[in-house]
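For reference, the structure is listed below as structure tokens.
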Amino acid sequence: MEFPHSVLLVVLIIATFAISNLVQAEEDQEGFISLDCGLPPNEVSPYIEPFTGLRFSSDSSFIQSGKIGKVDKSFEATTLKSYMTLRYFPDGKRNCYNLIVKQGKTYMIRATALYGNYDGLNISPKFDLYIGANFWTTLDAGEYLSGVVEEVNYIPRSNSLDVCLVKTDTSTPFLSLLELRPLDNDSYLTGSGSLKTFRRYYLSNSESVIAYPEDVKDRIWEPTFDSEWKQIWTTLKPNNSNGYLVPKNVLMTAAIPANDSAPFRFTEELDSPTDELYVYLHFSEVQSLQANESREFDILWSGEVAYEAFIPEYLNITTIQTNTPVTCPGGKCNLELKRTKNSTHPPLINAIEFYTVVNFPQLETNETDVVAIKDIKATYELNRITWQGDPCVPQKFIWEGLDCNSKDALTLPRITSLNLSSTGLTGNIAAGIQNLTHLDKLDLSNNNLTGGVPEFLASMKSLSFINLSKNNLNGSIPQALLKREKDGLKLSVDEQIRCFPGSCVITKKKFPVMIVALVSSAVVVILVVLVLIFVFKKKKPSNLEDLPPSSNTPRENITSTSISDTSIETKRKRFSYSEVMEMTKNLQRPLGEGGFGVVYHGDINGSSQQVAVKLLSQSSTQGYKEFKAEVELLLRVHHINLVSLVGYCDERDHLALIYEYMSNKDLKHHLSGKHGGSVLKWNTRLQIAVDAALGLEYLHIGCRPSMVHRDVKSTNILLDDQFTAKMADFGLSRSFQLGDESQVSTVVAGTPGYLDPEYYRTGRLAEMSDVYSFGIVLLEIITNQRVIDPAREKSHITEWTAFMLNRGDITRIMDPNLQGDYNSRSVWRALELAMMCANPSSEKRPSMSQVVIELKECIRSENKTQGMDSHSSFEQSMSFDTKAVPSAR
């Protein structure tokens with residue numbers, strides 16, 4: 001975007017200068033970030049820009065590098081205060097601003113560069129802009145004397161956002177303004193990618209640019225007009241209350257064709273003929289039509305009808321947008337509004353926005369690693385020019401002294417090596433190092449570090465090499481770290497802090513005698529306590545330890561293994577067998593039967609709290625010790641997407657687990673359609689998938705120690721009365737063997753069809769085994785096919801899906817019960833994700849965190865389609881994609 005330099009100041013005065021507006025404007029900037037780049041330290045910050053009412057702050061707190069410049073005096077008379085200064089970056093390849101934002105919130109990011117011949121060289125600086133690790137755009141700052149503005153809508157993946165300037169040739173990058181504006185998350189939605197502003201017009205013969213405070217989102221609306229048009233307007237304020245909040249004075253004017261019987265035509269040239277566009281058309285009737293008058297027209301894109309018989313509402317906004325990105329043949333976009341036979345008035349339009357799609361595929365470094373390395377940077381006050389932006393990516397900008405790895409495009413990069421040798425470090429070894437959980441090599445040698453060698457180094461299991469030599473460390477090396485060294489860790493330290501057994505001299509005084517005496521006394525006390533405990537236990541035979549074991553439980557598995565009664569949590573959730581019989585009304589209502597036993601419906605004390613009681617079958621082969629361990633484990637697992645354990649029964653030969661009751665049964669039940677229920681809609685299926693993925697993500701990274709489900713399948717995804725999905729049987733599958741499948745290895749557990757082939761082959765269990773099984777479930781959700789069907793040519797669901805994908809026909813892959821009611825982009829995205837999860841190689845599968853992110857993007861894409869009600873007076877949707885069947889990607 002570009003604005004004419006000679007009229008910039010006058011335009012903004014005409015469009016925005018009103019005292020009442022400025023007072024209101026100062027109150028309406030919540031969430032705004034407005035940085036005046038290069039504002040001198042001796043000037044007031046923040047300050048109010050007198051002509052716009054925007055509150056600007058110095059950028060000095062948001063970047064560690066750069067120098068201050070000022071535009072040539074010839075520009076001062078017609079330049080706003082915020083454009084007078086700039087920050088330029090003669091040093092380093094990449095220089096980055098770091099901003100605090102809200103993860104998942106949509107922001108409009110705007111970068112403005114007014115060269116103003118600040119360096120007296122009269123050149124055209126050209127450089128790249130990056131958001132985080134991803135290329136955003138190339139900014140040619142000398143192309144327009146008036147300055148260049150670049151905007152993009154972006155959703156941060158963390159609470160920290162980097163905007164980077166990257167040198168691409170001999171010219172020096174610089175920036176005049178950097179601004180962030182929060183947007184509503186339900187506006188400007190895409191199936192994938194972000195929206196880069198290409199043009200934003202309001203159709204008027206005015207010369208005024210409309211911006212803040214008229215536009216509360218601080219979008220910049222340029223006027224445009226053509227000799228083939230005629231302007232009409234109203235003095236009344238229209239209703240602009242849809243998600244886009246187009247300024248009211250934008251909607252007070254409209255353009256119609258100069259010839260009433262002719263179509264209205266609008267053309268736009270793209271920068272590249274391959275660009276994909278999202279188009280937003282804003283309409284509001286500005287004339288009060290009589291009962292016998294009408295304004296009705298068709299909307300055509302590139303000669304094809306995209307919307308028929310549209311009628312704008314009087315003084316009420318309607319936004320029509322593309323559901324999917326569109327292209328322009330030869331790079332020339334043609335919009336045509338053609339009146340219908342029923343219309344007495346020509347078509348009109350008030351405003352139009354064009355956005356090109358820009359993709360940000362590179363994942364940023366794991367947030368835990370980023371926080372840790374920034375903590376280390378702050379601890380040692382490191383000011384390396386390369387230590388800006390993302391630590392690991394892009395690879396060409398990796399921070400000096402770091403090595404990182406990333407398995408594939410769906411795996412977050414991790415820091416694996418930190419080399420701060422000979423960098424003048426002082427103080428203690430930084431505690432933040434322990435948070436680099438994938439660190440393999442650590443080199444802090446040849447510095448001035450003091451203090452002791454920290455214990456946490458021994459607990460960093462990924463470390464294979466540590467060099468702490470040539471420092472001023474004192475004390476001794478922790479014994480745990482010495483043990484790690486014996487086990488293969490390469491440890492380099494100065495000799496004065498090494499203390500091998502037998503090498504440390506101890507003064508021979510009376511201390512050894514005292515130590516022997518103390519140890520002897522302690523031994524006597526311990527023996528006495530043990531005897532008393534033994535006697536006490538003999539007098540209390542009613543304890544759980546001394547009850548008869550269940551018929552199939554070896555005695556050695558019971559001794560001293562009862563669930564700890566010292567935990568209040570455990571006591572509160574323990575039920576007697578008589579209470580179990582009471583809550584189930586003597587096992588009156590069975591809900592189902594699995595490999596572990598029968599599940600019964602129940603309620604606690606006749607209350608409204610319904611429960612599902614799983615009684616351990618006498619034929620089950622698990623041991624009491626495993627049952628105890630699972631109960632202790634399940635009692636500490638709490639997540640909204642995991643079926644919660646209400647309590648348990650542990651009495652003689654009666655073992656039971658009591659779960660919350662899930663009234664809508666399981667996912668498989670609803671997909672099968674055999675029980676007369678309604679068909680699950682596509683967006684409901686996606687939400688169920690997200691819920692289940694969140695539950696698994698919690699097991700993998702939210703639990704300590706982490707857990708692997710081992711039996712992810714559609715029957716283990718239960719649904720409550722609100723159709724919130726919760727994973728079930730996420731603990732017992734580790735400890736129990738299936739009674740009906742005793743031939744399955746005691747090492748490998750799971751359900752045929754869902755079982756990770758790599759886990760089955762190697763016996764090595766990891767979180768990626770759950771990811772594979774989840775991929776199979778996702779394919780079930782998409783296709784409603786049986787996981788294994790011998791009647792099919794391709795019996796396994798992954799083989800069948802791959803076969804159908806090669807034929808490129810998505811309608812034959814999708815569940816026919818959906819009857820085509822879905823957004824094809826969200827389907828393709830979900831399908832690709834499912835196939836990645838079900839990849840035979842675990843290294844090529846995404847993590848559950850990545851699965852959650854991708855599924856949420858699918859939901860955003862689908863909701864964007866479903867949320868645009870065709871009967872709404874505020875917003876209607878339009879699809880320029882006229883193909884009924886998408887081609888294979």
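Using N, Cα and C of the backbone, Cβ positions are placed for all residues, glycine too.
Take the CB of Asn185 (N-linked glycosylation site) and look out to 10 A: across all protein chains shown you find 13 other CB atoms. Taken from Swiss-Prot, the feature N-linked glycosylation site applies to Asn185 (among others), supported by sequence analysis.
Close to Asn239 (N-linked glycosylation site) in the fold, though at least 6 residues off in sequence, lie Leu315, Asn316, Ile317, each with a CB less than 8 Å from its CB. Look at Swiss-Prot and you will find Asn239 (among others) tagged as N-linked glycosylation site, backed by sequence analysis.
If you look up Swiss-Prot, you'll see Asn259 (among others) marked as N-linked glycosylation site, on the strength of sequence analysis. Asn259 (N-linked glycosylation site) has a Cβ environment of 11 other Cβ atoms inside 10 Å.
The N-linked glycosylation site annotation in Swiss-Prot covers Asn292 (among others) and is backed by sequence analysis. Around Asn292 (N-linked glycosylation site), the C-beta neighbours below 8 angstroms that are at least 6 residues distant in the chain are Thr344.
DSSP assigns Asn316 (N-linked glycosylation site) to a strand. Marked as N-linked glycosylation site by Swiss-Prot on the basis of sequence analysis: Asn316 (among others).
Taking Cβ-Cβ distances under 8 Å and a sequence separation of 6 or more, the neighbours of Asn342 (N-linked glycosylation site) in its chain are Ser294, Glu296, Ala309. The annotation N-linked glycosylation site is assigned in Swiss-Prot to Asn342 (among others) on the grounds of sequence analysis.
Under the DSSP three-state reduction, Asn366 (N-linked glycosylation site) is assigned to coil, being neither helix nor strand. What Swiss-Prot records for Asn366 (among others) is N-linked glycosylation site.
Asn419 (N-linked glycosylation site) carries a strand DSSP state (E or B). The feature N-linked glycosylation site is assigned by Swiss-Prot to Asn419 (among others), with sequence analysis given as support.
The feature N-linked glycosylation site is assigned by Swiss-Prot to Asn435 (among others). In the three-state DSSP scheme, Asn435 (N-linked glycosylation site) is classed as helix. The Cβ of Asn435 (N-linked glycosylation site) has Thr368, Asp369, Val371, Ala372, Asp375 as same-chain neighbours under 8 Å, each 6 or more residues away in sequence.
Summarising the annotation, Swiss-Prot assigns N-linked glycosylation site to Asn448 (among others). For the recorded site, Asn448 (N-linked glycosylation site), the DSSP three-state label reads strand.
Sequence annotations record features per position, and here Swiss-Prot assigns N-linked glycosylation site to Asn467 (among others). In the three-state DSSP assignment, the secondary structure recorded for Asn467 (N-linked glycosylation site) is strand. Non-local contacts of Asn467 (N-linked glycosylation site) by the CB criterion (under 8 A, 6+ apart in sequence, same chain) comprise Ser421, Leu442, Asp443, Leu444, Ser445, Ser492.
With a 10 A radius on its CB, Asn474 (N-linked glycosylation site) counts 12 other CB atoms from all the protein chains. Annotation source Swiss-Prot lists N-linked glycosylation site at Asn474 (among others), citing sequence analysis.
The C-beta environment of Tyr659 (phosphotyrosine), restricted to residues of the same chain at least 6 apart in sequence and closer than 8 Å, consists of Val611, Ala612, Val613, Lys614, Val643, Ser644, Leu645, Val646, Ala728. The phosphotyrosine annotation in Swiss-Prot covers Tyr659 (among others).
The annotation phosphotyrosine is assigned in Swiss-Prot to Tyr759 (among others) on the grounds of similarity to another entry.
Marked as region 'Disordered' by Swiss-Prot: 544-566 (among others).
Residues or ranges marked as region 'Disordered' in Swiss-Prot: 863-889 (among others).
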Here the Cα-Cα span from Asn259 (N-linked glycosylation site) to Asn366 (N-linked glycosylation site), rounded to a whole number of angstrom, reaches 60
For the repeat 'LRR 2' (438-460), the averaged pLDDT of the predicted model is 95
Within 10 A of the CB of Asn448 (N-linked glycosylation site), the number of other CB atoms across every chain shown is 11
Listed in sequence order, the residues of the same chain lying six or more positions from Asn366 (N-linked glycosylation site) whose CB sits under 8 Å from its CB are Leu412, Pro413, Arg414, Ile415, His438
Rounding to whole Å, the Cα atoms of Tyr759 (phosphotyrosine) and Asn448 (N-linked glycosylation site) are apart by 48
